[in-house]
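To keep things clear, I will list the structure first and then write my remarks on it.
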Amino acid sequence: MKHLHRFFSSDASGGIILIIAAVLAMIMANSGATSGWYHDFLETPVQLRVGTLEINKNMLLWINDALMAVFFLLVGLEVKRELMQGSLASLRQAAFPVIAAIGGMIVPALLYLAFNYADPITREGWAIPAATDIAFALGVLALLGSRVPLALKIFLMALAIIDDLGAIIIIALFYTNDLSMASLGVAAVAIAVLVVLNLCGVRRTGVYILVGVVLWTAVLKSGVHATLAGVIVGFFIPLKEKHGRSPAKRLEHVLHPWVAYLILPLFAFANAGVSLQGVTLEGLTSILPLGIIAGLLIGKPLGISLFCWLALRLKLAHLPEGTTYQQIMAVGILCGIGFTMSIFIASLAFGSVDPELINWAKLGILVGSISSAVIGYSWLRVRLRPSV
């Protein structure tokens, strides 16, 4: 029990469980004995009916639309905390990770488009390599233990949070279906209620969650991706402490183990089951997977390193204390671990087009993410001396 407690207390535990879930999905999707069960599980219909309201989706969509909204609620809480009290609270603190994140989104997207611009269908996946899996990246960094400078961990977390915020904006602007104005109206009313609750100093988290459920349902029915409701709710839950208690921090503390050990692993299990049947080297080097691999493995570190170098040269920002530019470059490689976030965007980009495209996109994401994890970890292991 002591070893189990130590495992779940470590920063690396969430990343390790994600890896196990993804590997299990790959095995089950490619085994004759389990592939049928795996796909049947994902296609299991689940219906929710409240009065005249009816939501009917399969298990995969419930995981992607409902459970991932909880993940984005946690992201919203983390972004708010960092903006108001943490590593993004001042312009001087925020400048370096913000500039790094911008480079880490622009260059991978451009590199992907260099491969896919001529194809109007695969071109829609331009945002896939722009994402970073914060849990996976921090998990890999945690494997290096105490030799990692605290400032480097904070830099990676801040960069990944800004990256997540960028991904949220991209999803809202570019990956929406036909809009229902009536549902958007209900969503607007729900947001107005959240504003009033916050301004009136309401500190009961349950009230915000209840309004959040209404908001999630309205956003789901509107055509905008429902997970955005989670971020919005997270932004309005009060962060300020009163009598030593902060509703936002308390909810963040409660949600973190559920997200790290259930929601993200379940998402990985549901989405990483890529069938390798018919996969050839020729297929793997086709424009879609190759663009994703290049974006994650080359575009991410190149964009982050280049923009950081420019920021330093132009004196727009400074290196985090106790870190080196080579360590920043290695962190840039770790940010090429797109995994769950990239898979999520791929499902939005190609979900209504062709399941085969999603399969090839997932394969590119897995190759690019695993390569980034191995190379980034190896580089940092060489660059960082064990603490004595």
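Cβ from N, Cα, C; glycine included.
According to the topological domains annotated in Swiss-Prot, ASP119 and ARG381 fall on opposite sides of the membrane. Long-range contacts of the topological domain 'Periplasmic' (351-357) within its own chain (CB-CB distance under 8 A, at least 6 residues past either end) are made by residues 121-122, 124-125, 177, 288. Broken down by DSSP into helix, strand and coil, the topological domain 'Periplasmic' (273-286) contains 4 helix, 0 strand, 10 coil.
Per-residue confidence over the topological domain 'Periplasmic' (351-357) averages 81 (mean pLDDT, predicted model). Looking at which of 181-200, 287-310, 340-350 has the most CB pairs under 8 Å to the transmembrane segment (358-380), the answer is the stretch 287-310. If you count C-beta pairs under 8 angstroms between the transmembrane segment (12-31) and each of 97-116, 181-200, 254-272, 340-350, the highest count goes to 254-272. In summary, the transmembrane segment (340-350) lies against the transmembrane segment (155-176): three or more C-beta pairs, each 6 or more positions apart in sequence, are under 8 Å.
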